Structures are given as C-alpha cells and as structure tokens.
Amino acid sequence: MNIARVIVDVPSQNTNRPFDYGIPERFSGVVQPGVRVIIPFGPRKIMGYVVSLTDHSDFDKVRDIVDVLDLTPILTKELLQIGKWLSNQTLSYYISCLQVMLPQVLKAKYRKELWITTEEELPEELEKVFAGRDVIDYEEFQQSNLSYQKLRTMIEDGWIDVHYEVKSRETKRTTTMVEPQKDAIELEESLVDLSKQANKQRIVIQYFLEHEQPVPKKQLLQTLHTTAATIKPLIEKGILREYKQEVLRDPYGHREFERTQPFTLTEEQQAAIEPVLASIEDNSHDVFLLHGVTGSGKTEVYLQSIQQVIDRDQEAIMLVPEIALTPQMVERFKGRFGSKVAVLHSALSAGEKYDEWRKIQRQEVQVVVGARSAIFAPFTNIGIIIIDEEHESSYKQEDRTRYHARDVAIERGKIHTCPVMLGSATPALETYARAVKGNYQLLTLSKRMNDAMMPKAELVDMREELHEGNRSMFSRQLKENIEDRIAKGEQIVLFLNRRGYATFVMCRDCGHVKECPHCDIALTYHRRQERLKCHYCSHEEPMPAQCPECESKTIRYFGTGTQKIEEALQQLIPEARVIRMDVDTTRRKGSHERLLQQFGEKKADILLGTQMIAKGLDFANVTLVGVLAADSLLNLPDFRASEKTFQLLTQVSGRAGRHQLPGEVIIQTYTPEHYSIQLSSQFNYEAFFAEEMKLRKAFHYPPYYFLTLFTVSHPKQLKVQEVTQKIVQFMGQRLTEGADVLGPTPSALTRINDRYRYQCMVKYKKEPEQRKLVQRILHYYEDEMKQENGLQITVDFQPYQLM
Ligand SMILES: Nc1ncnc2c1ncn2[C@@H]1O[C@H](COP(=O)(O)OP(=O)(O)OP(=O)(O)O)[C@@H](O)[C@H]1O
Ligand SMILES: [Zn+2]
Ligand SMILES: [Zn+2]
C-alpha cells in the first residue's frame, strides 16, 4: 500500500477523480483514507483528501505526498463513501462534497498546534522538538525529522493532542486540575508527617483520601474554603500535582439542565414507538414517518427511541430545523441525556462548532442535535437518525452541493442498517405520498397530550373588515380577543408571515390574485416595467389598473413588517406588553434565548414575530394565536405555495392551548375560501393532501413528476438567454416525450449582483439518461464557467428555491 489515491482541492470537471501519489517512508502508516495531505499539483502544492490506498498505480511516474495534515482521519470510510454518493446525486465535485461534511475550521487555513497532554516523560526525540514547552506549532514538528507514525501513536495513546488555533490563544480555555501523586497508604503516611499547625493541608489530604480523581483546582479551593497557598507546599512535596487541561468550549456550559425522566407513554405513543424500537433492536433499515398533530408528544417518542439506542451503545443523530433549534428544544435533549449530547447550529462560533464536532469524532457523546449539516456527524455506529419537522425546506442546502438532508439520512441509514424516523404534523407531500404507498412506514399520533383539544380556529375575512370601515391590520375580532386574554393574564402569539411580501398583486376589495393562466401560480410583480410575469413559463402581462374580477382600483402589491405592526398594536391596545421577535431583534447572540425566556416568565402578553416563532414553542399559558395575513405565502411564485401555507398555519396554530387551558386561533385572510386556509383551520391534513395531490398531478409537479432546474447566469442578458435557450433545445431533443422542458424564463430574481439569471425547468417521470446529458452540458461550458465573472450554470435535481 504505497500509493494513495487523492481527491485534490481543485473543483473542476477535469480533476473530479482521484489522483495517485506515492507515500514516502516517513508517512507510512499515517497516510490513510480520510486524512488530508499536501501534494504537488502542476507547479503548485495543494491540499487533498486521501480516499483509498493501493499498491499499484497505472501511471509510470507518480509524485510523492509532500506533507500530512491529519494524524488521524477526519473523515470516516463511511463518510468518504457518502461523499462519493453525494457527488453522483447532485453532480457536484467530489471535493466539494467532502468539504461540505466538515466544520469550517478544518476547511480554512487555521494554524495547527501540538499539545502535550501527559505528565509522562516524552520519548527523547519528541522531547527535543518540544524542548520543555507544552505547546508547539505543528510546523515545528513538520520541520523536524521525526516520524509521523510515532507522533500518531502518541496521539492515539492520549499523550499529545492536535489543536486548531481558531482565533487568538485566549479563545482556548484551560483549567488547572489537581490530583494526588501518591496512593492512599502514602497519603496516610504524609498525614502523619504533617506538622500540627498544617491544619489546612491536612484537610486537603483528607479530601484526596476520599476522592482520588483529579478535580479542578478552583472547585477544590471552594469546597475546602482554602487558598492556593495551602496547596502549594503539598505540590512541592510531591504529594499532589497540578496540570493544565483544555476545557472544550461548551456553548451550554453555563447552563444547568434539569434532568428529566421519561414519561409513561400514552397508548398512541406506545403503538407508534414499538415498530421503531423493534427496528433498532433488529438493526434493520426502515424509514418511518411519524405523523403527529401539534402537541401530540412526538418529541417524547424521539427521546425514548434515542434512549434505546444509547442503551445499546449506539449513536443517534437528531435533526431539527435551524429556526426550531430553540433553547427549549436543546433543553429537552440536554435535560434527558445530559453531557452525552453535542449541539450543532449556526449560532455557534467556528471554534464552538469545531469543539462540538470533535466531541462527536472522539466519541465523547452519543447524540448530536443539530441543523442540516449535523447529518454528517462522524459517528461510526449509528442506531437511529431522526428528522423533526421533516417538511422544512431548510433541510435542503441551496448552494454548491445541493443536497437534501433527508436523502443523506436515508443513505446513511442504509449503510448503518438502522431506522430513520421522519416526524411532522404536516409532512411534505412527497413524504406522505411515499408513506401512503408503503415505501415508508406510517406511524400516527392523532391526539394531543393530556386530552387537550386542538384549538378552535376561526377565519376572519379581511375584505369584510375593509368594507365595514376597518382599515387597520387587526380585525375587530382579533382585537377583542387579545384584550380578553390580557385581562385574564393569558398570553398571545401573533404571527406575521414576512416572506413573500411585495412580490404578488392582490385586490384589497375581493382578494383576487393575478395568476398565470398556464401554471396555477401567482404572477410576480416587476416594478420597473410595471408588468406581471410567470416564473415557470414565459407568460407575462401588464400590471392591471383595476381588478379584473371586481373592477376595484385597490389592486396593488403587498408590503409590511413586524415593526410597523408593533407600532400599530401599541396604538390599538396601549396596555399590551409586546415582545417582538424578528431578524432585527434577535441579531445579537443569545437574544433569541433571552426573549423567549422573558415570554416564558410572563414578562409580556404578546409574542409578535415571524417564521421564527412558528415552530416548536411549548408555552402552557398561550391560549390565543393570531395570524395576521395568512395569504402572503400563498402567492409566492412557487408550486409549493399552498403546501407551505398549510404547513405554516398548522404549525403556528399548534402553539395555542397545548396544555390545560383551551386554545383559540384567529386567522386573518383575504381568501378564506382557499382550500389550504380552510383545511388548515380544520386541522385536516388528509383532506389537504388529497386536494393538493390532484393539483400536482394536473400540473405535472412532484410527487408525480420530478423536477430539474437549470439556472444560468452571466453579466450579459443576451448571453444568458442564448445559453438557456441552447440547454432547453439540447434537453428537449434528447429527453423522452414524457418530459416537459420549459424555458428559457427569467428567474424571479432576474438580476443579482449585476448578473442576469434565466432558468430552464424539466418536469419528468423517468429519464435515465438525464444525468449524463447534464454532465455533457456542464462539460461543454466548462471553459466558459472557469472564467472569472463568467458564465454560471447551476443544476438542481430537487429544487426548493424556484426564484
Ligand atoms: N407521555 C406523556 N405524558 C405526559 N406528557 C407528555 C407525554 N409525552 C409528551 N408530553 C408533553 O406534552 C407536551 C407536547 O409534546 P411535544 O411538544 O413533544 O409535542 P410535539 O408533537 O412535538 O408538538 P409540536 O409538533 O407542536 O412541536 C410537552 O409538554 C411534553 O412534555
Ligand atoms: Zn377585486
Ligand atoms: Zn406560467
């Protein structure tokens, strides 16, 4: 095995395969699959990932590896395999797929250090390099002639540790530990030797007679009510010793989590969890869909499934949407599993993320709770993968490697032969369709916990409000109800859907929204040209001066924000104490947490917010949920608009009346007759599913059809049009008759950063040749795509962002 096959850090079509490199004697044993190496590539030296070893190369001349960056693999064999699979799935470069699985710190050029973590004497040659220091730069080691093999053994034996210098040295926290240097008998002896005055020292030694484990110095001093001066002579006499230990940055370290005990499951929960537990026991790969109404106790089913996995000494990945990764959520997992849990989400600093990742890699934890990228947690013995709120589109990565975490979960589940559980009150249509077909096993929780009823939901027709002379954002009914709850000391969640504003056109009188005649999708308003356009086909029309339905002149595009609403609210109900939660008020670290805590402590009557407050919140005192404009999402230029609206309304409504107090929901809308609004107010997922499936079938959308979205961009509009046109032609001529190839169409965001964007959408059922065709297109334009600020073609085989 003297040849390493290396994926080089040059993202391009020509380099998208392993290259062979010789392994110099010095690195043998250290170079293994999953480590990064420095290799010569053309005239340069670059980084690469070793993916396999072999003892034979087809090339006569093979250059040698210059250096090794990792002494232990940072990617497991399984993740290397996943990277390969991902690259095939998404047609991204293999190198990008490997990079996407790693924390930022390992991708950028951070300085690396070697830390001595032992008090033992180092072997002579190593001692020479360290020369009495505890920490050296990795470079110093590289420049020495020491064997990598030796260093690796030292690392594996826990004598030396590799650290990434993330920022300044101060970011790394160390703590001084104290432990006895002698066994119990010797400690007893030293007690006798102590002078009579040394009372304090006596207490310290007695302490260690009872506790032989190392203890943080600070804690020791506090416990014994003494000072460092007491300890010092004991160290000098060689009775105790102290040493520094790095404390991994623990973002939740300052918090105490109250330990929770498992609940006795309800009958429904029991029935749902049984097949999952069986699958864990049998080590079999099944995909479950846990469809449970809001407040039905899905989380408890997750927790107890994970417990089973922990008891079997296996590991669990728990994905939650970024936005739902609230302190409340973290608390539930930390509360049950304590320090066995690592948490990964985007609010952590690069260093914190790396530390959490390292806990996983070193197998110091058995559970990871995290957002999308936690699906790549480097566990080696996974017993279950759970995705909560599986319908969330944030599970889909939208740049570079366009993967969906759900697909990765299922692929890893296959490899580890373990169950995957998808959970939601409102599963994605694709997922539910698979469950109905029997591809996934459907588990249902139809009832709320503690016999709590689903809240009573009412629709308020805002057109009528307008006709009755109420021009404010709040219907009279909502206002009365808010006042009523405040009087009773109960709490209110007010939800404003901010996404989707200012793009669609609606009549304030009759609620009519201009839609594309060919696509059943709202037209997008283009302000400069005063025109309405469809982003799927090429249809466009002028902005109407009056409503085509009722001839009212109040037809216009929509726009508002949380701040405006807060002001309006203060005028309307001056006594209301409001907490506003949106991007602006939660920008500072920890503010999200703080605001929710304040609300939980009843320091406000109303929590007003955007998407951020729709999910996962479980406050017993919330009895009223108000949705300010239910329609805003409905009119996005997206075939999933109805589905998203249904999901969001269901989620938000689900925040009310989750415990003893009954809940009520008021949904303000301009289109109360829309099936998605009607059915969400009835909490009827099945009926919504049936209705929406009919439309998807009629208009050739998923899950009946697959989509491929090409997005082409370039500074020159003509160029973009021309290339997109060519793609449309190329695909149209080669795909089967069953495929619809649509375009070229300007993207909803037609110009970003002075680049024009056009798209081509393919709808198809089965096109085995498609990937090859796409590869040919990408290959054909490769040179043009390499140029700076040149042509860009992205292909998404599972598009969620259609703009
Ligand atoms: N078996 C049980 N016995 C008693 N209480 C339970 C049980 N299971 C869950 N609960 C409690 O019921 C409440 C609702 O459960 P949970 O928040 O898990 O619901 P959910 O289905 O995840 O809801 P959502 O989808 O709205 O987030 C929680 O406060 C939870 O602690
Ligand atoms: Zn009208
Ligand atoms: Zn159209």
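Using N, Cα and C of the backbone, Cβ positions are placed for all residues, glycine too.
According to TrEMBL, the feature domain 'Helicase ATP-binding' maps to 279-445.
Using a 10 Å Cβ-Cβ cutoff, Cys547 (Zn(2+) 1 binding site) registers 21 neighbours. For Cys507, Cys510, Cys547, Cys550, the entry in TrEMBL reads Zn(2+) 1 binding site.
Summarising the annotation, TrEMBL assigns Zn(2+) 2 binding site to Cys516, Cys519, Cys534, Cys537. Counted within 10 Å of its Cβ, the other Cβ atoms near Cys534 (Zn(2+) 2 binding site) come to 23, all protein chains included.
Residues belonging to the domain 'Helicase C-terminal' (542-696) score a mean pLDDT of 87 in the model. Summarising the annotation, TrEMBL assigns domain 'Helicase C-terminal' to 542-696.
If you measure from the Cα atom of Cys550 (Zn(2+) 1 binding site) to that of Cys516 (Zn(2+) 2 binding site), you get 18 Å. Applying an 8 A CB threshold to same-chain residues 6+ apart, the list for Cys507 (Zn(2+) 1 binding site) reads Val513, Cys547, Glu549, Cys550, Ser552, Thr554, Ile555. Candidate binding-site residues: Cys507, Cys510, Cys516, Cys534, Cys547, Cys550. Those with a Cβ under 6 Å from ligand 2, in sequence order, are Cys507, Cys510, Cys547, Cys550. Set side by side, the binding-site residues Cys510, Cys516, Cys550 differ in how many other CB atoms lie within 10 angstroms of their CB, and the most is found at Cys516. For the Zn(2+) 1 site, the Cβ centre of Cys507, Cys510, Cys547, Cys550 serves as reference, and the other residues of the chain with Cβ at most 8 Å from it are Arg508, Asp509, Gly511, His512, Pro548, Glu549, Glu551, Ser552, Thr554, Ile555. Cys507 (Zn(2+) 1 binding site) carries a strand DSSP state (E or B). Taking Cys507, Cys510, Cys516, Cys547, Cys550 as the candidate binding-site residues, the subset whose CB lies under 6 angstroms from any atom of ligand 3 consists of Cys516. Across the structure, Cys534 (Zn(2+) 2 binding site) and Cys510 (Zn(2+) 1 binding site) are spaced 22 Å apart at their Cα atoms.
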